[in-house]
Amino acid sequence: MNIGVLALQGGFAEHIAALEKLGASVTELRKKDDLRAGLDGLILPGGESTVIGRLLNETGLFAPLRDLLDAGLPVYGTCAGMILLAKKIVDEPAVYFGAIDVSVRRNAYGRQLGSFAATARFDGIGEIPMTFIRAPYIEAAGAGVAVRAVVDGHIVAAECGSVLVTSFHPELTDNLRVHRYFLNKIEAREACA
Ligand code: GLN
């Protein structure tokens, strides 16, 4: 299984390490040619969504990735990656891939003091450690969206069809279960294809 990890800015190295521990092969995506490898799934890492959004356009990766997502390529977005996948960003005009019907609030816990750790239940996995860094949360989710985790009354993980998003960073913990969950989802999909 080959997973593309967007490697323009932010915490892509930790995602690559987690995927490799689970036996997946990884293609780092920095330019359009990197898509030639053919992908079974895609990870959009944390970082700064405005910067990643700008670099997606500058590298020409935005349009081909959007087409792959429209065609149903499984994708997992963490933090800034979740912002890039959301249909709406609260109080901001920008929309990037608009691949999942959620409204996200950026820096929802405050800019400076917004980093913390929690342990909470992820539906379908169980209790897991969650690391939040200037994280967004989901203020509203559309009818078809499955809420997977809630912390302090705020939605921090959601899934709809081929799209999985988390406010937190499992790649910064030793717990690989969310990545395993994403790979299982791809395997199940390929088994039915
Ligand atoms: N605050 C960042 C943003 O708005 C996201 C932070 C993160 O990815 N850890 O893009």
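Cβ coordinates come from backbone N, Cα and C, glycine included.
Marked as active site, nucleophile by TrEMBL: Cys79. Following the DSSP three-state reduction, the secondary structure of Cys79 (active site, nucleophile) is coil. The Cβ of Cys79 (active site, nucleophile) lies under 8 Å from the Cβ of Pro45, Gly46, Gly47, Ile133, Arg134, Ala135, Pro136, Thr166, Ser167, Phe168, His169, each on the same chain and at least six residues away in sequence.
All protein chains included, His169 (active site, charge relay system) registers 22 other Cβ atoms within 10 Å of its own Cβ. Per TrEMBL, the feature active site, charge relay system maps to His169 (among others).
Secondary structure at Glu171 (active site, charge relay system), as computed by DSSP, is helix. Among the features that TrEMBL reports, active site, charge relay system is placed at Glu171 (among others).
There are 27 other Cβ atoms within 10 Å of the Cβ belonging to Ser49 (L-glutamine binding site). Residues or ranges marked as L-glutamine binding site by TrEMBL: Gly47, Glu48, Ser49, Arg106, Ile133, Arg134.
Counting every protein chain shown, the number of other Cβ atoms lying within 10 Å of the Cβ of Ile133 (L-glutamine binding site) is 19. Residues Gly47, Glu48, Ser49, Arg106, Ile133, Arg134 are recorded as binding L-glutamine; their most distant pair of Cα atoms lies 13 Å apart. According to its DSSP assignment, Glu48 (L-glutamine binding site) is coil. Less than 8 angstroms from the CB of Glu48 (L-glutamine binding site) sit Gln9, Gly10, Ala80, each of them six or more residues away in the same chain. Within 8 Å of the Cβ centroid of the L-glutamine site, not counting the listed residues Gly47, Glu48, Ser49, Arg106, Ile133, Arg134, the chain contributes Gly10, Gly46, Cys79, Ala80, Ile83, Asn107, Ala135, Pro136. The Cβ of Glu171 (active site, charge relay system) lies under 8 Å from the Cβ of Gly11, Glu14, His15, Ala17, Ala18, Pro45, Thr78, His179, each of which sits 6+ residues away along the same chain.
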